[in-house]
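Q: Straight out of TrEMBL:
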{"type": "SIGNAL", "residues": "1-21", "note": "signal peptide"}
{"type": "TRANSMEM", "residues": "392-414", "note": "transmembrane segment"}
{"type": "TRANSMEM", "residues": "434-454", "note": "transmembrane segment"}
{"type": "TRANSMEM", "residues": "466-487", "note": "transmembrane segment"}
{"type": "TRANSMEM", "residues": "507-529", "note": "transmembrane segment"}
{"type": "TRANSMEM", "residues": "541-562", "note": "transmembrane segment"}
{"type": "TRANSMEM", "residues": "619-642", "note": "transmembrane segment"}
{"type": "TRANSMEM", "residues": "663-688", "note": "transmembrane segment"}
{"type": "TRANSMEM", "residues": "708-729", "note": "transmembrane segment"}
{"type": "TRANSMEM", "residues": "764-783", "note": "transmembrane segment"}
{"type": "TRANSMEM", "residues": "795-815", "note": "transmembrane segment"}
{"type": "TRANSMEM", "residues": "822-838", "note": "transmembrane segment"}
{"type": "TRANSMEM", "residues": "844-864", "note": "transmembrane segment"}
Amino acid sequence: MKIIAKVMFVFVFLFSLACFAAEENSISPEYMDWTELPDLPDSLGRAGMFSGVHNDALILAGGANFPKPIWESDKQWHKDIYVLTKDPESESGFQWHNGFELSRPLAYGASVSTEHGVVCMGGNDSKRAYSDVFLLSWNPQSNSIEKQELPSLPSRCVYGDAAKIGSKIYFAGGTTGSGLETAMNNFWCLDLSQVDEPENLSWQKLPPWPGMPRAFNITASQHNGRTNCIYVMSGRCSGEDGKAKFLKDVYEFNPLVYDPAQYNSETQNYNGPIDPWRKRKSLPNCIMAGTAIGVGQSHIFAFGGADGTYWGRENELKDEHPGFPERMYVYHTITDTWVESGSLPANQVTTNAVRWGDDPVNDPIIIPSGEVRPRVRSPKLYSGTPVQLKKAIGWIDLSTIVIYLGLILGVGVFFSFRNKNSNDYFRGGQRVPWFVAGLSIFATMLSSITFIAIPAKAFMTDWVYFWVNMCAVVLAPLVIIFFLPFFRKIDATSAYEYLEKRFNRFVRLFASASFIFFQIGRMAVVMYLPALALAAITPLSQIQCIMAIGVLSLIYCTMGGLEAVVWTDAIQTFILLGGAFLSFTLIINGIEGGFGGFIETASADNKFHLVNWDFSSVSFATTALWVVVLGGLGQQLVPYSSDMAVVQRYMSVSSMKFAKKSIWTNSITIIPASILFFGVGTALFVFYKDNPAQLDPTFKNDAVFPLFIARELPVGIAGLVVAGVFAAAQSTVSTSMNSTATAFVTDFIRPFNLLKGEKAFLRLGRIMTFTFGLLGVVLALMFATSDIKSLWDMFMTILGLMGGVMCGLFCLGIFTTRANGGGAVIGAVLGASGLYWVQKATDVHLLLYGTIGIVLCVVIGYAASLFMPKTPEKTEGLTIHTLEPK
C-alpha cells in the first residue's frame, strides 16, 4: 500500500503544479482549405449540372446558362458531358475530356455518385420536366462515357435532391412543373444492389416528411450516432398567398426503424410503432438551392444557398445584385446543432457537392460551376479539404506523462528483486493483497479502449449499455460459488489445468492456445487504437505512442512478473479514475448552468435513457432490455470464468477468503466507475451541444473524449488525463503479456517436463513474456504502418468466436458429470461454427454472441457426450455435484 501512496503523492503534486500553470485553450477552427481546379470548358459556366465521381473521374453533364448579353438572352439548356481526370504530366495536374452527350438537353435534376457510376434523376428542359433516370459511368481504358437506363421516377420531377445510404438512393422534393405550386413532398427510394438486373429494380414510395412540400431543398446522408440517416432541409415552396415561402426546417429519416409493411402509399399513412421521421433543429437561415455533404462521422457541411434576401429584385438590380451569401453552415447530427463557419471562396447555387474519393475526412469535396447571382454562372471548380487541427500539449503535460512512465518502470525494477521462482513470477508468490488483486482485475477489464469508448457510446446514444457493466456485479456471487472453488482446489497456475483434470490434455492445450493467440491480437489492438487518439492530441506519432505503451509495459512486466503487473494495475486504477473524475468536473464547469444545466439538457434529450422495453419478434436485433441483460451476462461470464488473465488474479492471493474479497473489490469498483464513465460521455454531449463550434469534424466519434482532453482541458491538467489513457492501455497490455507467458509455460512446457529446476522455468517465463509482448508490439506497429486492418477484423472475428466457447467448456465441466472429453471438443468446434453462422446469416445483436457461444458449446457438447460410450470420467471434486469427496 505504501507504494500506491507514494505514487499518488507525486500525482497530487503534479496536479497542483498543473492547476497553477493552467491556461485556457482557445481554437478558432477553419473547417475547409480551398483550392481551384481547372475551369469548366464552357467559359459561361453552368447551373443545374448532373455531377459525380466514378473511377477517379469527375463527371459533369447537362446544365443551363444564359448567353451574353445575359439580360437580353433566353436561358439555354445543354447536353454536353465533360469529364475531368487526374493527369500528373499536365501543368494543372488534370485533363478535361469532352465530345460526349446526353440524349437530350437537361438540367436541374438530382445526381448521386455510386460505385456503379453517377445516377442522374429527373430534370427539365425549356419545355417540361422529366422522370428519366440513367447511369453515367467512366471507362478509363477507352476514355469514354457509358450510359445505362434505370427505372424512371414515379413522376416527373425537377429541382429535387438525392443522397444515398449503402446501395439505396433516396430522392426528396422537387416540382412536377415550372412553378412552385407543383412542389411535392415526395420521398422515393431505389435499391441499386441489383443494378446489373434493371428489370428487378423499382422505385419505392416512402412516407413523406412531416413538413411543407418543397423544391430546391437539400438532401444529405450522415450517421446520427446510432445509424445512417437521410436529412431533408431548407428549400422553398408556395405560401398560402401564392408567394414564395423560404424554408429553414430540417427533417431526419431513420431507415432502421422504417417498416415497409406498415406504410400505405395511397393514403400516405404510416402505422409503424416508431415514426421514421423526426424534426431536427432548423437552420439559422434559408439555404435553398445550396448543396450539402456528410463530412467525418457525424457532421454535414452545407455550402452556400440563397436566403431570399433579394428575392424578386433580379430585374431591378441586374448586375448590381451582390450575389448569394458566401457562407457555410456545419450541422452535427448527434447534438442537433448548427454552426456558421465563415465564408466560402464563392457561393455557387444549383450545383452539387461531390467527394472525389471515399474518405469522408481526407478526400476533397468538389463544388463545380453553378449560379453565383441571377443569370450569372461561374466556370470555377473549387476543391475543399476538411482541415485537421492538431494542438501540441505543453511541457508540463509532457513532463507529467514522462514522470508517470518513469514511476511505472520503477515499480517493475522494484519487484524484479522479489522473484525467486516461477511461483513468484506467475502468481506473485500468492502474497498479493486482496484489494490489489481486485483493483488489478478491474484495471485488466477496463482497457484504454473502454476508457475512450464508454464515454463515446454515452455521447452518441444513452445509458442502455450501462446494464452490461452491471451484469459483472450480478455475476460476482455466481463466480465465487460455482467457479472459484475449482481453481483454488486444484491450486491452478493456469486456468486451463482444470480442463485437463476434468476432460483431457487436448482440451487444455486447445483452450490455452486459443487464449494465447487471442491475447497477442488483443495486445496489438489495445495499443493501436488508443495510439490513434493519442497521436491526435499529443506531439507523438502513432508509432511513438505504440512504442511508449508497449515497450514500457514490456520492460516492467518482463522484469517484475505478475506482482509488478498487479501493483501497477492498482496504481493505474487510481490514475485513470482520477483522470476521468477530473475531466467530468471540468466538463461540468464548462456547461452553461453547471451541474443543474447538465441534468436539464441531458434529460431533455433523453440521454439518461436506461431501458428499451421491446419484446417484439425482431427485438433480438436491438438493444432491448432482455438482449442487453442476457447478452451482458454472457459477455461478462466469459472473462470471469475462463479468461486466464482474470483467473490468474484469483490465484495470486493467499487464500480462498482473500480471493473472494478480490472479486467483490472488482465488482464494487465497477459501479461508481461505470456511473463515472457514462457520466463523462453524457457531460460531453451537453458540453458540445452548448459549444458545437468546438467539435472537430475530422475526429471520429469514438475520439470525442480525447478531443476534449486536447482542446478544452487547461495546459498542465491535460497531461494528467493523458497519463490516464496510457494507464488504461498499459494495465491491459501488461496483463496480456504476463498471462500469455504463464499459459505457455504452465500448459505447454511444465506438463511435458521439458525443463528442470525453478530457475529454468523463471528464466523461460521472462523470455516468453518478452517474446509475446514483442509480438504484440510488432503487430500493433504493422496496423499503424500497413493497410491490413481488414485482416485484423477477420482475425478478431475468428478468435472472438472462441470466447463463448471456452467459457462453455468450463460450464460443461463444472455443471455436468456426463460430459466427456470427446463431447467437449465437438461442442467447442460446432459451437464456434454455429456462432459464426449466427454472425454472418442473422441480424442477432452482437451483445448476444457470447451467450449464444456458451449455450451452443454446452448443449452440443453434452448431447455429443450422450452418444459416446460412457467411460469413467475424472469428476471427483471437479463438478458442483462432486465438489466434496464421497
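Cβ coordinates come from backbone N, Cα and C, glycine included.
Keep in mind that what you see is a predicted model, and the values were worked out from it rather than measured.
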Q: To the transmembrane segment (663-688), which of 434-454, 507-529, 541-562, 764-783, 822-838 is linked by the most Cβ pairs under 8 Å?
A: 434-454
Q: At a C-beta cut-off of under 8 Å, are there same-chain residues at least 6 beyond the transmembrane segment (822-838) that contact it? List them, or none.
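A: Those are 499, 503, 506-507, 510, 797-798, 801-802, 804-806, 808-809, 812-813, 844, 849, 852-853, 856-866, 868, in sequence order.
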Q: How about the transmembrane segment (764-783) with the transmembrane segment (466-487) - do they touch, taking at least 3 C-beta pairs under 8 Å (6 or more apart in sequence) as contact?
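A: Since fewer than 3 Cβ pairs under 8 Å link them, the transmembrane segment (764-783) and the transmembrane segment (466-487) do not come into contact.
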Q: Counting Cβ pairs under 8 Å to the transmembrane segment (541-562), which of 392-414, 466-487, 619-642 comes out on top?
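A: Stretch with maximum Cβ contacts: 392-414.
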Q: So what's near the transmembrane segment (619-642) in sequence-distant terms, Cβ-Cβ under 8 Å and 6+ beyond its ends?
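A: Answer is 445, 464-465, 467-472, 474-475, 479, 483, 495, 511, 611-613, 663, 803-804, 806-807, 809-811, 843-845, 847-854.
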